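A.B. asks: Can you read through this structure? Questions will come right after.
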Amino acid sequence: MSTLPERVRERRPLVHAITNCVTMEWVARGLLAAGARPVMARDAAEAPVVAAAADALVLNLGTWSPGLQQAMLEAGQVAARRGIPVVLDPVGAGGTETRTRAALELLERVRVTAVRGNAGEILALAGRDGLVRGVDGPDGRPGPQTERAARAVARRFGCLVAVTGATDLVTDGRRTLAVRAGHPLMSQVPGTGCLATALVAAALAAGTGAGPAGRDRPMEDVDVVAEALLWAGWAGEQAASAASGPGTFAAAFLDRLALRGPLPPGRIAPPLSERLSLYVLVSGATPPDVLEAVLQAGCRMIQFREKRLPLPAQLEAAARVREACRRHGALLVVNDRVDLALAVGADGVHLGQEDLPVAAARRILGPDAVIGATCETAGEARAARDAGADYIGAGPVYVTPSKPDAGEPYGPDVVRRVSEAADLPVVGIGGIGPGRAAPVIAAGAAGVAVISAVLGAPDPGAAARAILDEVRRAKGEVSA
């Protein structure tokens, strides 16, 4: 199977970019470096003619005007009739009502294939309050609110949605992928976002290639968009290593886009919010065949919690769990013990309010570790977020036989309380089993944490599948 950069260079798609005049030259140079052929016709009389010959169309609102809107509408309708990819960059949506209306009009009147924007722009398209700061928008990883907004836009308009930031998200409304690539210098060069949009268009025009995206699933457009963003981000990382500042970075970035070779592996994966859908807590006493059944059922988040065994036995048991998780592509976090997590090579830790502070764990484990925090109040949730937590465990939601000293249950409101206070994925825990997961998801949870409902079931694999199916239906990832 050829790589995405190779496919673009082999097929040399003609990309018609109706982009903003501030970044037009940069976008054209970037497309040429990537192996595509740019054409930048913006006039309302000319744009439909060019779109009739193009392999892909980019609609960018950066320097919007009524005349440019008309050109985009007419070119977009020609492109839609021809069935070529149309990629919208809703620059400034949410910043002014005019831009938001313009972006929505294009989505309603043109068959848009993909939208690429920052978190504030995507929130605005979903009808929610966002934050737009110039052309770059808010920093950081898209939180659950942004992810939900992206899925809503994708479902409403039948398109792909890409949210770019420190971590990029791509969704078709059901499948969602997270892309880890890029460098802070990219935000200091005007037009890197515009160029990323154009690369998405070129990638979609070049097609999906002949090979599989996974062991049992063919490549889809959502994979192609994720690869295009990885291409841009990887070029940015490589350019930064050779640059002394924004000026030299810009030249190095174009050079890196022109390089051939594979993209780095392991940078595209389901986001943490999807892995958290079913979160199972195991111990040293969990039989290996039970753990295997749970993982085969689709669980992709395991917590190892063991307080009774001596430390050497904990280490041995945790290592077995780690190996099982790796075979299935699941994440492993260790309850409380940062030292044990480091020793077995776990993906991270889960910390209670009386454990090592989140900030200290982050310093020890580094920026890529997954760190969860147990929270019951809005204040605890905000503190965990500010300290660097990746997700929150909230509960007890219901009465739980697994932890008799957990106190009175809060009901699903505990999930709503902490998820509204801190825009992090939340896992509800405590007494959750089949038939009880949907209300927790409706309250704002990304998933549910379980122990006895799965591990104590006559058929742990079937119980895990039942709860996971309930969660996915409640999240809208599968049909009810």
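Sequential numbering from 1, following the chain as shown.
Positions of Cβ are set from backbone N, Cα and C atoms, glycine also.
These numbers come from a predicted model, not from an experiment.
From Swiss-Prot, here are the annotated features:
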- 1-287: region 'Hydroxyethylthiazole kinase' (REGION)
- Met40, Gly191: 5-(2-hydroxyethyl)-4-methylthiazole binding site (BINDING)
- Arg116, Thr164: ATP binding site (BINDING)
- 288-480: region 'Thiamine-phosphate synthase' (REGION)
- Gln303, Phe304, Arg305, Glu306, Lys307, Asn335, Thr374, Lys403: 4-amino-2-methyl-5-(diphosphooxymethyl)pyrimidine binding site (BINDING)
- Asp336, Asp355: Mg(2+) binding site (BINDING)
A.B. asks: Look up Asn335 (4-amino-2-methyl-5-(diphosphooxymethyl)pyrimidine binding site) in the DSSP assignment and report helix, strand or coil.
C.D. replies: strand
A.B. asks: Rounded to an integer, what is the Cα-Cα distance in Å between Met40 (5-(2-hydroxyethyl)-4-methylthiazole binding site) and Arg116 (ATP binding site)?
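C.D. replies: Arg116 (ATP binding site) has its Cα 19 Å from the Cα of Met40 (5-(2-hydroxyethyl)-4-methylthiazole binding site).
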A.B. asks: Just counting, how many other CB atoms are there within 10 A of the CB of Thr164 (ATP binding site)?
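C.D. replies: Excluding its own Cβ, the number within 10 Å is 27.
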A.B. asks: What does DSSP say about Gln303 (4-amino-2-methyl-5-(diphosphooxymethyl)pyrimidine binding site): helix, strand or coil?
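C.D. replies: Once the DSSP labels are grouped into three classes, Gln303 (4-amino-2-methyl-5-(diphosphooxymethyl)pyrimidine binding site) ends up as strand.
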A.B. asks: Compare the C-alpha of Asn335 (4-amino-2-methyl-5-(diphosphooxymethyl)pyrimidine binding site) with the C-alpha of each of the binding-site residues Arg116, Thr164, Gly191, Asp355, and give the closest one.
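C.D. replies: Looking at Cα distances from Asn335 (4-amino-2-methyl-5-(diphosphooxymethyl)pyrimidine binding site), the smallest one goes to Asp355.
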A.B. asks: Determine, from DSSP, whether Asp355 (Mg(2+) binding site) sits in helix, strand or coil.
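C.D. replies: Looking at the DSSP assignment, Asp355 (Mg(2+) binding site) belongs to neither helix nor strand, so coil.
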A.B. asks: Provide, as an integer number of angstrom, the distance between the C-alpha atoms of Asp336 (Mg(2+) binding site) and Arg305 (4-amino-2-methyl-5-(diphosphooxymethyl)pyrimidine binding site).
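C.D. replies: Asp336 (Mg(2+) binding site) and Arg305 (4-amino-2-methyl-5-(diphosphooxymethyl)pyrimidine binding site) have their Cα atoms 8 Å apart.
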A.B. asks: Out of Arg305, Lys307, which of the binding-site residues has the smallest number of neighbouring Cβ atoms within 10 Å?
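C.D. replies: Lowest Cβ count within 10 Å among the binding-site residues (Arg305, Lys307) is Lys307.
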A.B. asks: Counting distance between Cα atoms, which of the binding-site residues Gln303, Glu306, Lys307, Asp355 is nearest Gly191 (5-(2-hydroxyethyl)-4-methylthiazole binding site)?
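C.D. replies: Looking at Cα distances from Gly191 (5-(2-hydroxyethyl)-4-methylthiazole binding site), the smallest one goes to Gln303.
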A.B. asks: Looking only at the region 'Hydroxyethylthiazole kinase' (1-287), what is the model's average confidence as pLDDT?
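C.D. replies: A mean pLDDT of 90 is what the model gives the region 'Hydroxyethylthiazole kinase' (1-287).
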A.B. asks: Going along the chain, which residues six or more apart from Glu306 (4-amino-2-methyl-5-(diphosphooxymethyl)pyrimidine binding site) have their CB under 8 A from its CB?
C.D. replies: Ser283, Gly284, Gln314, Ala317, Ala318, Asn335
